[in-house]
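Trainee: What follows is a single structure, and I will ask about it in a moment.
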Amino acid sequence: MNQRPQVNEVPPSVHQVPPVVHPVPEVQPEAPEFEGPTDPIAADNWLIDIQVILDFMRLTEQEKVLCASFTLKKDARYWWMTVQMRRDVTTMNWQDFVTEFRTMYYNREVLAAQQDEFTNLKQGSMTVMEAVKKFEQLARLCPELVPNETEKVRRMMKMFRTDISKQVSAGSSPPTLVSNCVSRAIRAEYWINHDKEARAQIFKARKEEKAVVKQIQPHQNAESFPKSQNNHPAQSSKQFGGNKRNGNFTGQGQQQRNYPQKRNNRGNEGNNTDFPMCTKCGRKHPGVCQMGTNACYLCGKEGHYARNCIMKNQGQNPPYPSRNTNSNCMRPSKD
């Protein structure tokens, strides 16, 4: 029996697909440049920004120094060259760089002034956020003045305006954290400004109302007093006490007399509304109308005018001229 030779069968090879590896995008943060200002706050801001970038890049101590020195420009570049001349910067670590940097740009006199400003810092006209920003900038330069959170909160409360700090510290649990203190101050500032705006609106409305009343009152006063013959409001003296000449002056402690304001030919005697209308002169008066004659309108005699009549000057009541039933009229006023 013929046997078939045994052949070792090799299983087909399985094609293995390599895993797909997506390249991680390279992040290149923009490094801030430093030109060497003398303001300690600006120098401290640059130092914080560059340190954040260097930590993100995970560099060694020497690489941090190399990268930071690369961003120095102008006066800061000349300063770094002087450092290179007096020491070996290739072995310098990051802390050595920070020490050199602060020695140069954290001027003692300027720092002392910043410390005084931080000690006497007040909110004043600044908003809460503006005051907090200034507080944090100065606190970084004066770490010995705010060694812990409690002292920082205390100084911040002292910085705020009195009306804000009262509301922040109100209640059974005053703030113990800076974040809590700031949030309460912002809320207190909002409601204080809200109340001020409401009061300002009320004051503005009252002011406008008073202005309208002042515009209306002169017209009302003019309508409430008698007008002169020229159809104008009477003068203030007439409005207050009447006219002495017309016999209706009212002084303090005197009773007002209801005399007619227009003087007729008989002075204050009688009421001309009780007489018939004269067809000659168109007025109401007793007796004969003297219009068109040379006789006095008061006494009826010739040779003088009513303004010079002796009876008027003596305060006597002149006799009425003889009454003519065909001409019941009154002479016009000619004085």
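For all residues, glycine too, the Cβ spot is worked out from N, Cα and C.
These numbers come from a predicted model, not from an experiment.
Annotations per TrEMBL:
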COMPBIAS  9-20  compositional bias 'Low complexity'
COMPBIAS  217-274  compositional bias 'Polar residues'
DOMAIN    296-309  domain 'CCHC-type'
REGION    1-20  region 'Disordered'
REGION    211-274  region 'Disordered'
REGION    313-335  region 'Disordered'
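What's the neighbourhood like for each of these?
Mentor: A mean pLDDT of 76 is what the model gives for the domain 'CCHC-type' (296-309).
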Trainee: Per DSSP, what is the residue tally for the domain 'CCHC-type' (296-309) in helix, strand and coil?
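Mentor: Helix, strand, coil within the domain 'CCHC-type' (296-309): 3 helix, 1 strand, 10 coil.
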